[in-house]
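J.: Take a look at this one; I'll ask things after.
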Amino acid sequence: MRPFLDDAKRRVDRKLSARRQSLSASRFLPSALPDRLKDNHDAQVDFTAPPGGSGSREGHLQYMQQSIFGMIAAVGSRSDFHARFDESSDSDGETGQRPRKESSVRKGTSVSVNTSSLDPSQRSSSQTDGNSEKDLGTRGRRHRRTISDHKLLRPFMSNSKHEPDPSTGDEMPTVSPPSRPRSATPRAAPILSRMVEAQAQFDLKASSTERSQSSLNETGAKGPRDASVSPLSTRLMDMFGFDKPEKVLVEYACSLLQSMLLQGYMYVTEGHICFYAYLPKKSTVAIKSGYLHKRGRKNPKYSRYWFSLKGDVLSYYADPSNLYFPSGHVDLRYGISASLGDPKEKGREPRDFQVTTDQRTYYFRADSAMSAKEWVKALQKVIFRTHNEGESVKISFPIESIIDIEESPMVDFAETFKIRVIEDDDSYAIDEYFFTFFNSGREAFEFLKILINDQSLKISSQHLSPQPDRSPRSDRTRKSRNRWSLTSGTSRAETQRKRSASTSHMSLAHDIVKSSPATRHQDSSDSILNSFEQATESSAAWQSITDAAESASQILNRSDVFQSPTIYGLDRRPSGRERRGRRNSDETARSPSTRVNVGTGQQIDELDRRTDGNTSGREARDTTSESDQYTQDPTKSFSGAPSLNELVKAGVYPLQRAAGLAEYLRTRSKQMSNLLASESMGYIEKVSGMWTGGRKHYGEAEDVLPDDQDVDPEDKEDGCNYGDRFRAHFALPPTEKLQATYFAYLHRVLPLYGKIYVSQKKLCFRSLIPGTRTKMILPLRDIENVEKEKGFRFGYHGLVIIIRGHEELFFEFRTSDARDDCAVTLHQHLEAVKFMAESGLLAEQEQNESEAAMTEHRMLQEARYYDYGENDLRPLNESSELHPIFDDPRASIVNFKPAESLRITCLTIGSRGDVQPYIALCKGLLAEGHRPKIATHAEFEPWVRKHGIDFAPVEGDPAELMRICVENGMFTYSFLKEASQKFRGWIDDLLSSAWASCQDSDLLIESPSAMAGIHIAEALRIPYFRAFTMPWSRTRAYPHAFAVPEHRMGGAYNYITYVMFDNVFWKAIAGQVNRWRKNELGLKATTLDKMQPNKVPFLYNYSPSVVPPPLDYPDWIRITGYWFLNEGSDWTPPTALSEFIHRAREDGKKIVYIGFGSIVVSDPSALTKTVIESVLKADVRCILSKGWSDRLGDPASAKPEVPLPSEIHQIQAAPHDWLFSHIDAAVHHGGAGTTGASLRAGVPTIIKPFFGDQFFFGSRVEDLGVGICMKKLNVSVFSRALWEATHSERMIIRAQDLGARIRSEDGVATAIQAIYRDLEYAKTLARQRSIASSTPFSPTPSAKTAAEQDADDDVEDSEEWTFVGDDTDVEMSRRLRDRAISDADMLPDRLLANSVPGDSGPGRN
């Protein structure tokens, strides 16, 4: 084994080892493996092989361990099922648009500029900049990189994220216009793209320089602030960008009203009216989920889906248990409105609603009108949040710009008035703001009315003047009007820039727009200018013409947001990327700053020029309005009547629509010619590359790394488009950076060819086969492990993704290199995500995003406190605590604890490990005031009663069955012969004794291995729960614990193992159980379908951190946590054991525990010798519990005991909770209780499974990375496992983390609360079973004839045990109840008088 350079490389190389080693491929050696631990000649020998020649798993026998149910387990473990495919995802028949893709400008991406087509100023700018290209370095093989230099961790490892290339000049500035990513299709003409990019960079540099100079001038002009100015005035000046502090006249707590309330503060100063609201951080949990009907794009039929509103995306799924494969999504970041539909009938509220985005309108139908309202409200909240990427909302407008104020009553308990404000002196666009006051509304209205009237004469004279003065004050005021600052905590210059520039909800640093005529063309009634020029102003007349519905998002981008896509910003000029999408090839001769305004039906080309040195480029652009009106010459007079202007605009509206349609048709007619001219051969190469397969890695700027194979230079130049298309495909935020892509097959029902995307936090897949729409979005935090497997098809190479609580995913690659590279990349990202989560970096990063807004909010409160004092502030603070639009929909937990004490019986059979969890549970029930009782084997009675728990005996000691297994081997001919003679009587005794032990019970909790509980609960008419230590409920996530395959087989195999096991086990005992039901319980014969055991409430007593709850588990199945019985606190260790541990610590040696229980092997001496040699070879100290020496295998080959060296100390017994807390690693057989104890102690666990559920828990330990599962036990394998478990820092840290999580759980308390919560549901099932059984309460023979009894037995009532609530179920229950009463009336009176002792009749429930 070659030496490794560091920990990460060692793990990766171990993972990618082509040779299948005896240790799992999911583990990596922590450091250089000593030469003594190399494989020897015994590497393929298993010294735990049982006696006899009967083969089973891997050619060896399996053993009964801990549970009676092991006899049936061999059926599952020997079964061979090959159904390994999942169902294909459903589709609603919609087809997605594929607009044109465009080039993007990113930081670190080189851009070639054709300077011949630019003006001299542009050429000089572009020549000065040059081509700046970030030095990405040589990537080499991906798995060679260490964690420290991984791109996910670089922001945390270094303060400098981007460094300039020393070979070039200044680094190219970042161009990040407000944008929307589009899907992958051809891009526009490269020449025009480069022209626009060069102009955009030039404008950005110029505006940055001007802003800096302006900021310096303003600072110098202001000088020091007046010390007499109040802190509140100073704070408002900084927050809203005023020229000087303005005295605060009055302030009110109010709400900005649109379709919802945004609560904040109104500050009235000498010159402005300001509104400020602090927004809480967006939640990452699902806001709302449930079933809805969705209409297709072209198909008017509604299809039912499961919808989940989480973050900014509304996703819908064909199967609610398969949440990694959405059928589609609605990206609400581009949402415009959410509103209810028109009622179809008078007097009935509508159930339909629609969501309008910039792309299309989605139509939904809820099950009720109330549900539709709730969905609309939730969607409106999300749309509002998505338009506010910052943590605060600010509005300020000069008092001189207010036209009027009028009352607008909305509700009786609040005062609402409307303020109309002129947006701009150039355009006369008018905005309306509604403010609602719950207190002091009349006072605020009168105050503002007087203030506005005082300014009315001044406002009129200003607007009627030929040309207003463009003083710095007026320019500054005009720029600050009605601007929303969505980012807080920045410098004042930055705040001014964000106010004057675009502040749309997609103005993020690296989000690039890709617009096309197909996407710009809207079916709704928005302006046709959107097809080629984005309008940014609005008016009241315009709203009345378009009749657009307002929504909460209107308050962000003013009223014109509903006549234009919200993805466009508020820039005075369109960005280069928008402009490029609006032009075609014959427009390349124009300057990139050319605009098209349709005012009189003609196109007017106007160049943006910088007129003089005193006017900045941005201010020059501000003089020209891009609104839907006439193009005005700056020297002409403006009309003094806004109403006349609005009428003119209304009249020109048809001409605008016609001109826009002509532009749209002209652009589309030349689109194909542009594609063929610029991308003639590129598409052939890309399509061929797609089917050939391969991989690509992307750098910091999401450009293709230079050392990837088959990289097209043009792809490198356009590399940042990959990340944008990736985010557009899966509706991911701009912060999700693309890292690598692969072409592979996803195995579900059939192999589905597509593309794998690996990003910082997500693993995504998208099908590329025409006619398929499968998408997968899998968070990396949900991935437990990644393993290599053989492909399902010859010549292909498999990769298995193991997911928490979900079935495995199978991918096939054409080449092993691509598969290995994908495995390495995923492992690196898993390590990075794990590192960031453990170190708290993710939380810190998220917290930093809101720190600035919180600080600003706190400083504002402090300033208010300073000015007004505590008494004046208290009413305002109290009202500000209410956030009606951000309320938490989750209700508080209700206490379901029953008022009376319950008699609870716990029925279980098996070994000590089966009884111990019930003792812990009953101790918790005793503390709750209940009267528990354990019904199990008589040998455990002293142990149970020692804890103050009542006891009832159950026959059928499993020792007899264990003896049969030991003496005959599992499922040999002699075993079947003896079991057929003795096992039937064993079951009869078990059933009869269990029926007697469960009398006088109000609730029955049973292990499924006891077999009798569900029938006893039906006879007693009492609620029934199940509890077990291993998975027993049908799921696609895990196989049955007794049917774990050698290799991953997929969800279909996992599910069918439960179906097979249930049927095999029931068939074996059905005859005896039905006979017992008739003779002793007085019940009819039943079947597996009639019992419906999968509807029974189930409690699993293992940790959800060890076995996460599968996504397809129903609500009544709960994983509660381990039920530990802590007995170690009262145990005193022997002196020899304490001295052995103390001596090992002094010597600096690791201590391991080895104990396999009472197993039977063919050569116990050889096994003992193997353990001794492995311990010595690994150089550890061992505490040994040698159970296999108690019962030798072949008496003829008996050998003397092997003497133990001083490094090994043998014990007979010790409490696990005490012993495992004093060791460094544990080695055992993998029983449920022992595994839980070692994991709780936080020590690495080595499992050598022998039988049944031990294979399942061994695989879980390995998947979690906290231990090793050995398939064979020999010196080579065992010594290496011991050394790795005691030296692997990765494994030790993971085990400690898992142990801390398990110790923080309270499984008993959780189980008791689950019992309380599901008790009413269990009572409902008990009532339905009693009705369906149609028997009296006494187990007395019926008076019916044999023919009548047989007829009743043939009744198919498998659908009768369903939920109560639907009309059909109610009718069915009524008929069954009537039939039961009729049957009871036919019985003799003496039968009705008899009842089982302790039964209280049908009213017990």
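Heads up, the Cβ atoms here are built off N, Cα and C, so glycines get one too.
The UDP-alpha-D-glucose binding site annotation in Swiss-Prot covers Ser911, Arg912, Asp914, Ala1214, His1216, His1229, Gly1233, Thr1234, Asp1253, Gln1254. According to Swiss-Prot, the feature compositional bias 'Basic and acidic residues' maps to 1-16, 95-105, 570-589, 606-624. Per Swiss-Prot, compositional bias 'Polar residues' is recorded for 106-115, 206-218, 483-493, 590-603, 626-642. Look at Swiss-Prot and you will find 116-126, 1332-1348 tagged as compositional bias 'Low complexity'. What Swiss-Prot records for 1349-1367 is compositional bias 'Acidic residues'. Among the features that Swiss-Prot reports, domain 'GRAM 1' is placed at 246-285, with the record citing sequence analysis. The feature domain 'PH' is assigned by Swiss-Prot to 285-384. What Swiss-Prot lists as domain 'GRAM 2' is 724-790. The region 'Disordered' annotation in Swiss-Prot covers 1-27, 83-186, 203-230, 461-526, 566-642, 1330-1367.
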J.: Measuring Cα to Cα across Ser911, Arg912, Asp914, Ala1214, His1216, His1229, Gly1233, Thr1234, Asp1253, Gln1254, which the record gives as the UDP-alpha-D-glucose binders, how far apart are the two most distant ones in Å?
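T.: Largest pairwise Cα separation, rounded: 23 Å.
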J.: If you run the three-state DSSP split on Ser911 (UDP-alpha-D-glucose binding site), which class comes out?
T.: coil
J.: State the three-class DSSP label for His1216 (UDP-alpha-D-glucose binding site), counting H, G and I as helix, E and B as strand, and everything else as coil.
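T.: In three-state terms, His1216 (UDP-alpha-D-glucose binding site) counts as helix.
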J.: Could you give me the DSSP helix, strand and coil counts for the domain 'GRAM 2' (724-790)?
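T.: Split into helix, strand and coil, the domain 'GRAM 2' (724-790) gives 10 helix, 38 strand, 19 coil.
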J.: Test of understanding: give the count of other CB atoms lying within 10 angstroms of the CB of Ser911 (UDP-alpha-D-glucose binding site).
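T.: Taking all protein chains shown, Ser911 (UDP-alpha-D-glucose binding site) has 21 Cβ neighbours within 10 Å.
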J.: Let's check the environment of Asp914 (UDP-alpha-D-glucose binding site): how many other CB atoms sit within 10 Å of its CB?
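T.: Its Cβ shell of radius 10 Å holds 26 other Cβ atoms.
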J.: Inside 10 Å of the Cβ of His1216 (UDP-alpha-D-glucose binding site), count up the other Cβ atoms and send me the figure.
T.: 23
J.: DSSP says what for the domain 'PH' (285-384): how many helix, strand, coil residues?
T.: 19 helix, 45 strand, 36 coil
J.: Can you tell which of Gly1233, Asp1253 has the least company, meaning the fewest other C-beta atoms within 10 angstroms of its C-beta, among these binding-site residues?
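T.: Counting other Cβ atoms within 10 Å of each of the binding-site residues Gly1233, Asp1253 gives the minimum at Gly1233.
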